[in-house]
Amino acid sequence: MTLWLGPQPLVLASQSRARQTVLANAGIPFDAIPADIDERGIAEASGLSAPGDIAALLAQQKAAFVSNYHPGRLVLGADQTLALGARGFNKPADRAAAAKQLRELAGRRHELHSAVAVVRNGITLFADVAIARMTMRPLTEAEIEAYLDVVGDKATTSVGAYQIEGLGVHLFDGIHGDHFTILGLPLLPLLGFLRSQNLLAV
């Protein structure tokens, strides 16, 4: 017996390894087809400033973009933004930018806003945004440099310069929120939607 009842696998409009792992572990078959969109350009042109609103827009835009090329398929888009107070962060461009982000986040609490959207034939069928609050411990300059030495280029693949599912866990004193939200894919609301569409056996 299979858990997934859909006629075709879900399409995941993302190349995120963490999101792919979350879906795979939940028994959801998918085809990973990243969306080739200008995320920063779309966010800036939107005029939106709230991190959750930006994440929601980008998740929807990613899913809609891929949906245009795969008619009839259920396409899942996801995005995550990081906010320190009223200030939003982007993925660091290089090691120096990653170190700067870590200096700013160290010893403070920030928020991760994770959004999902499900689109079919250009129509958004489901959208959700979840928030996790992360408390990074105080870090010395030597600790920041040692961390960046160990993680290498991975520091530039995630906003905040860390992956909590990996070595990034060493940076934190406290984590408040859903584990899947932290990984960038609010899974429980998504599963609820899929069940409502009779796509899951459980």
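Note: Cβ is positioned from N, Cα and C throughout, glycine not excepted.
Annotated features, as they stand in Swiss-Prot:
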ACT_SITE  ASP79  active site, proton acceptor
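Residue environment of the residue listed as 'active site, proton acceptor' contains 29 other Cβ atoms, counted within 10 Å of its Cβ in all protein chains.
ASP79 (active site, proton acceptor) falls within a strand when secondary structure is assigned with DSSP.
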